[in-house]
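The structure appears right after this line, and notes come after that.
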Amino acid sequence: MGGPGPRRAGTSRERLVVTGRAGWMGMGRGAGRSALGFWPTLAFLLCSFPAATSPCKILKCNSEFWSATSGSHAPASDDTPEFCAALRSYALCTRRTARTCRGDLAYHSAVHGIEDLMSQHNCSKDGPTSQPRLHTLPPAGDSQERSDSPEICHCEKSFHKHSATPNYTHCGLFGDPHLRTFTDRFQTCKVQGAWPLIDNNYLNVQVTNTPVLPGSAATATSKLTIIFKNFQECVDQKVYQAEMDELPAAFVDGSKNGGDKHGANSLKITEKVSGQHVEIRAKYIGTTIVVRQVGRYLTFAVRVPEEVVNAVEDWDSQGLYLCLRGCPLNQQIDFQAFHTNTEGTGARRLAAASPAPTAPETFPYETAVAKCKEKLPVEDLYYQACVFDLLTTGDVNFTLAAYYALEDVKMLHSNKDKLHLYERTRDLPGRAAAGLPLAPQPLLGALILLLALFPVFC
């Protein structure tokens, strides 16, 4: 966010950590050392190969290493022994999990990357290892932002100071999977594998969608990674990760707030329902994120100011950022056509409209309608998505996924007249790459200038 400071000698090591933690989102500006290329590759592999059902604990090893080499605890430029100790701890962790990681591409990439870094820093394989980082928790009763928290760490206060009110927008992902974009476009998508939902100067979100059953093209979100970037005197960089059957109430380093800075409590995790519902509030950017586990799968919803959505360094690079651009045309499913073709046909599925070559045991159409009506009496797109999901997956939990997705819209959407959507959006050729109308092309140059003049948007 700011210009280069006096710690220029430590830049490459800081960049190593930042790139390693968020390389799949394209963070950082490139590195001068060949070893740095290992981190984006490793991070991409970690996010691209779901580990929800794997006993391999390489993600835990990565989290411990990132924690040991990030934030205020990062080794300084002249602390090569400390960095080597962290690498030895990392290597030890990989050896302990080696037996369960045979054939795991992410694991083998990590092992080779560690060897490369140890060679580059002249680290001995024998020597002390780093101690686990202990996070300093806020004092008892410190449930609010600290009184000495900088004003910059409270979005709305910062806006009011400039006589402005933030314009909030919403994005959500749920079910098989259904996407509601920042511009209230509603799409049903295939998007199997890892896809970025959000990518801007402050926040990165990526989801991994996996088949509901082997052989089925019906997918659902099995993994979610959220990265809050280091922000001035407010928060350290924090990573949150949820997977099937694991919805933690803490960041990967075990903390529940933004770190050790004065504004640390402007980023907080709150567990609403154990193992089912987590809320993350980032006051310094005016953002609220809701993550749920419904049945086996995850749902995501966010409320964020448009100014944060538009805070990007390179607008043209925001290609497959789903919350902004929507799903690519070749990944979209016309579930309304499927709904129309299925109505009155019972459990019979039309191959031309079905997204799955082979389907699990599903509900009859009338039963699916009745179950969705119980939770979603208004026949909007959430209701139609519910029916679609029951017909394609046979999993009644998808009824609750649609219900909670709508409940999150009611809580997070700033325009109460747009809670219910009735017409699904399928992009026409040429429109799929259109972004938010928040930054029209004639005004894009002015927006970039404003971003340069005012580095703090909330």
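Each Cβ is built from the backbone N, Cα and C atoms, and glycine gets one as well.
Between C323 and the candidates C155, C171, C458, Swiss-Prot records the disulphide bond with C171. When you check Swiss-Prot, the disulphide partner of C153 from the set C61, C84, C234 turns out to be C234. Cα spacing between N167 (N-linked glycosylation site) and C323 (disulfide bond): 16 Å, rounded to the nearest whole number. Looking only at Cα atoms, N397 (N-linked glycosylation site) sits nearest to C171 among the recorded positions N122, C171, C323. Neighbour counts of Cβ atoms within 10 Å were compared for the glycosylation sites N122, N167, N397, and the top value is held by N397.
With respect to N122 (N-linked glycosylation site), the closest of these disulfide-bonded residues in Cα terms is C234, chosen from C153, C171, C234. Using a 10 Å radius centred on the Cβ of C323 (disulfide bond) and all shown protein chains, the other Cβ atoms total 25. Sequence-distant neighbours of C171 (disulfide bond): residues of the same chain at least 6 apart with a C-beta under 8 Å from its C-beta are L179, R180, T181, F182, L197, I198, A301, V302, V304, C323.
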